[in-house]
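Engineer: Supplied in structure tokens, the structure appears directly below.
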Amino acid sequence: MKWNEVVIVTTTEAADATANLFIEAGAQGTVIEDELDFINLQDDGFGQLKDDKDIPASDQDVFVKAYYPDTDAFLETITLIKQKMAAMAKIDLDLGKYQLIVNDVKEEDWENSWKQFYHPIRITRYLTIVPFWEDYTPQQADEKRLLMDPGMAFGTGTHPTTRLSLEALETVIRGDEKVLDVGTGSGVLSIAAKYLGAGETYAYDIDPVAIQQTKKNVELNGFTDSIRIAKNSLLEGIKDAKADIIVANILAEILLLMITDAWNNLKDNGTFILSGIINSKKDDVLHALIEQGFVIEEIKNSKDWYCIICKKEVED
């Protein structure tokens, strides 16, 4: 089958939103090539296990690629993508130079090529993310091997925002906590929470593709009976969940929409972990959290990305 590769040249800030846009427009797979991610990986201090093959240099441009079958409807798809990108520009996302490029490709050229960028990565002290097709033996007795099938629409968990979320979970989980993972994507945070000792765990996402991918990854790691997966828009309709921990790794603009619901669904002294925050949005998120009543406990960062750990402290 003949396919069309659609490439949008944009920024780190807009990359995830662009990939989501592609999926909404019917993409059969997406890839994000971001040099900043590679730079961040080099600073992790855990001795990552990967080939000595650099991701192609991009001068800080980010290349978001999507794949569509070459049908009569493809021109309509391009029009839809342009409309969605124009709408995205209006919500104050920095699109950078924003170029749209279309290439012809053969199915075999892209169906497996994305796998070359994924290898076992030591993410935190206890967690190593391992693509399911890679053979890997843990190097330490307490090291947890987290198996992932990223598909072509999700990463394996090595993006800086995910790494920050995983580090935060490792910091706050003590054992048997009730965890809500909002915007679960590939399910990596829910799965990590279980490996770290969490109790009742819920994974929510509005995207049916994400739900299916999460189910695959949960099964790969043997947590089918202990992670509850549901289609849901953020925390809408969820009342008084009394969670110990809520974690969300999504765009700052979306995080701002769920702060009140997070407060209402946390136990007193519960912890809210927010990641996916680009530097330019950090102060907006901090202001909204403090205004809601959250106490900021820690701010973590990796290059331009930030993760906030805060607590619902309620006076007696």
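Every residue, even glycine, has its Cβ placed from backbone N, Cα and C.
Whatever TrEMBL says is automated annotation, not expert-curated.
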Engineer: Quick check on the annotation: TrEMBL has THR162, GLY183, ASP205 binding S-adenosyl-L-methionine, so which of ASN221, ASN249, ASN264 does it put in that site too?
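Structural biologist: S-adenosyl-L-methionine site check in TrEMBL: besides THR162, GLY183, ASP205, the record includes ASN249 out of ASN221, ASN249, ASN264.
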Engineer: As a test of the contact definition, list every same-chain residue at least 6 positions from ASN249 (S-adenosyl-L-methionine binding site) whose Cβ is closer than 8 Å to its Cβ.
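Structural biologist: In sequence order, THR161, THR162, SER165, GLY183, GLY185, LEU189, SER275, GLY276 meet the Cβ cut-off.
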Engineer: Note down the number of other Cβ atoms within 10 Å of the Cβ of GLY183 (S-adenosyl-L-methionine binding site), including every protein chain shown.
Structural biologist: 23
Engineer: List, in sequence order, the same-chain residues at least six positions removed whose CB sits under 8 Å from that of ASP205 (S-adenosyl-L-methionine binding site)?
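Structural biologist: Listed in sequence order, they are GLY183, THR184, GLY185, ILE211, THR214, LYS231, ASN232.
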